[in-house]
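What follows is a set of notes on a single structure, which appears directly below.
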Amino acid sequence: MKSNPGITVIKQNASNVMEKTLKEEGQSRSNSEDSDDDKPLSHKLSSGALNGNSHHIRMGSNLSCPSPYTSPKPRIIKGPEDEMLLSSELQLNAGASNAESSDSDESKPLASELEDPSSSLNKRPLIQPKNSDPSPSKKAKLSEPSAPTNRKLKTAEQEEAAADDDPSISNRNKKSTTPASKVSDKKKRPDVSASVNKVDFSKSLKVPLVLVKGRNGQPLVHNGVIFPPLYKPHGVKMLYRENPVDLTPEQEEVATMFAVMLETEYMTKPKFRENFMSDWRKILGEKHIIQNLEDCDFTPIYEWHQREKEKKKQMSTDEKKAIKEGKDETRKEKYMWAVVDGMSREKVGNFRVGTTRVVQRSWRASKDPQVKKNVYSQIDITINIGKDAPIPEPPIPGERWKEIRHDNTVTWLAFWNDPINPKEFKYVFLAASSSLKGKVTREKYEKSRKLKDYIEGIRAAAYTKDFASKDSKKRQIAVATYLIDKLALRAGNEKDDDEADTVGCCTLKVENVETKRPNILKFDFLGKDSIRYQNEVEVEPRVFSAIEQFRSGKEGGDDLFDQLDTSKLNAHLKELMPGLTAKVFRTYNASITLDEMVRCKLLSRETKGGDVAEKVVVYQHANKEVAIICNHQRTVSKSHSAQMVRLNEKIEELKGLLKELQEDLTRVNKGKPPLKNSDGKPKRNLNLKRYKGKLLKLIQKLRKWSETRRLSVTKKIAQTNTKIEKMERDKETKEDLKTVALGTSKINYLDPRITVAWCKRHDVPIEKIFNKSLLAKFAWAMDVVLIFRF
């Protein structure tokens, strides 16, 4: 049949238009790509699929969120296109809009993005009809262990025992994963990936990228959030002007929060004490007998707290287990799992509401703190759940959730306004070990790896050429980019008056940077979490001259970069590389530093031939260099001095034992009995006259015994020397790392594949580097080949 030429032309034109449109959309997405700080999980993972051109995952029509205009159910609310991310923290974190407010992998959305004008706010009725509950045969129940799952699950108790730095995991299968075609290794190497509990990661990645309604048409199911138990008064009275004072439970709770910190350095800081009293006075009331903090004596409460701590230390394992079971572990198990796509059972990362540490942190850092309000006294929690899933019952009978959403464009399960800072929000997300989070984390490090293809061009042309630019704005952008690249500074954001006075690169004040000729810059400011950043660095002469110009004619409290903010800087960075932000720089510099250090000849020589403990020390020193670059500090613990004393005592004790063993060896070599028996008791001198008849037998026995004893003593000497060397090494490492926090960079900035590959190359069990939580978080990295380079 002959085709119509007109129709052919129309089809060809339509094809060209579609191809051009898809190309523009792809370019638009590339230009708008941002770091983990700025884009939601739904955008990063499924934007391609939603736009119809993803070759990774195909999504059916049933992935779209139900329209509020067509649904017969009044409580259905169409979710906004929120810019919300999956949190990497296991604790509930405020979603601050500033870059340095969190060290997690993601930030939180603005308040204006949370509401959709087209949404109708319908609260859940106080009593839900029974017939609204789904049939057990159709819906997966989180409280039942038989809920569908695509992997073997551990109990809550096993999952939560992940805090040790060096957990022993022995029940792992041994199976080499190193490709023979890529690496030939005669020596059998331990399989790092085999030391992780079996997680079918390849299958987990098939979980649909939207949460509310999955590929199979099954909804997201979870049980909401859990509240901490109400405060139980202990009844211990504090003193005011040496007289006992009666306090209400609420007053006592805040007083106890303060009292338990009596022996910390914060008690010497006037601002901390002022913030506490400002908060406490609001609860005490104007007419309360307590009027000033100087006359307060919290010692009785502190001593009570210390006694309680000591009691817990003295408890047996069974007693501790009984107490733990008394905290309603079954109830906790109910909240710690969510079912995604009706088949994948994922752990929820942060399902508890409220902590005392939030309040204590506000006293440390905030300009205008306030004691935490009870979120659940006025239910202020919004739940996001599948359309057909059963709505979780509010924890308080008779109450209702603030709002029920069925939003498939976001990844949070619940959120509420931060009770301390109402401008910020707290979210409940899936755990860091979930398959969705694993995919996001992997993509974060892949983005940072791409920077190595751009970095030389960025340094040579993108900012170096603008150091002496006549355009002041260009010059400020160039210098700020240089500082972010070379010093791994955070970008920084503007703060409200009631927020902590912390700064980043873009918010540096004139007083934060001093110039010392010929080209030294001295930095001194409070960074994230109010950690002080102090550093003297030598910079390029043109950078030094530019900083002097930026400081000229300004007061100490004026902005150093007065023509620059974070949004302008990030917009410029995205022009240099798609998705480039200050955090990508920071992640790149941290990972590339570790990669180069563990590959350098010096560390390779130190690692060769050593035992596992020596190799771990080599890795820790490389990790330390990264932590210093990122300014990951910690205060010296109160117990540090006591630990060093105990180590010294043990070393001296071992040296005494070594001396005795060496004396024994000398006596054995001379044919004499040792000074002590094998049981450590003094050896009795032989009376030869008394045992004259048995002398010959004794001599024969002594000769045979001497050889055995010589070998035994020699072995003990070697073992004792090894113990002394290990303790000396532990002592040196503990002293060297006392002010450095290694964990933060390991969790957020170091590509785990670098560490896993290093462990494989040097026969180091991965458990020696990653604790149980990190093993679960980085399950996706365990199959990396040992020749991996960042």
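Just so it is clear, glycine is given a Cβ too, placed from its N, Cα and C backbone atoms.
Quick look at what Swiss-Prot annotates:
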- 1-18: compositional bias 'Polar residues' (COMPBIAS)
- 1-196: region 'Disordered' (REGION)
- 44-54: compositional bias 'Polar residues' (COMPBIAS)
- 61-70: compositional bias 'Polar residues' (COMPBIAS)
- 158-167: compositional bias 'Acidic residues' (COMPBIAS)
- 168-181: compositional bias 'Polar residues' (COMPBIAS)
- Trp412: site 'Interaction with DNA' (SITE)
- 433-790: domain 'Topo IB-type catalytic' (DOMAIN)
- Lys444: site 'Interaction with DNA' (SITE)
- 490-495: region 'Interaction with DNA' (REGION)
- Thr502: site 'Interaction with DNA' (SITE)
- Lys528: site 'Interaction with DNA' (SITE)
- Asn570: site 'Interaction with DNA' (SITE)
- His632: site 'Interaction with DNA' (SITE)
- Lys650: site 'Interaction with DNA' (SITE)
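The recorded sites in question are Lys444, Lys528, His632, Lys650, and the one with the fewest Cβ neighbours inside 10 Å is Lys650. A Cα-Cα distance of 31 Å separates Lys650 (site 'Interaction with DNA') from His632 (site 'Interaction with DNA').
Its own atom aside, the Cβ of Asn570 (site 'Interaction with DNA') has 21 Cβ atoms within 10 angstroms in the protein chains shown. A 10 Å radius around the C-alpha of Lys528 (site 'Interaction with DNA') takes in none of the recorded sites listed as Trp412, Lys444, Asn570. Among the recorded sites listed (Trp412, Lys444, Thr502, His632), Lys444 has its Cα nearest to the Cα of Asn570 (site 'Interaction with DNA').
Taking the C-alpha atom of Thr502 (site 'Interaction with DNA') as reference, the shortest distance to any of the recorded sites Trp412, Lys444, His632 belongs to His632. Spacing of Lys444 (site 'Interaction with DNA') relative to Trp412 (site 'Interaction with DNA') is 19 Å (Cα to Cα, whole number). You'll find the Cα of His632 (site 'Interaction with DNA') roughly 29 Å from the Cα of Trp412 (site 'Interaction with DNA'). If you average pLDDT over the region 'Interaction with DNA' (490-495) in this model, you get 70. In three-state terms derived from DSSP, His632 (site 'Interaction with DNA') belongs to neither a helical nor a strand segment and is classed as coil.
Among the recorded sites Trp412, Thr502, the residue whose Cβ has the fewest other Cβ atoms within 10 Å is Thr502.
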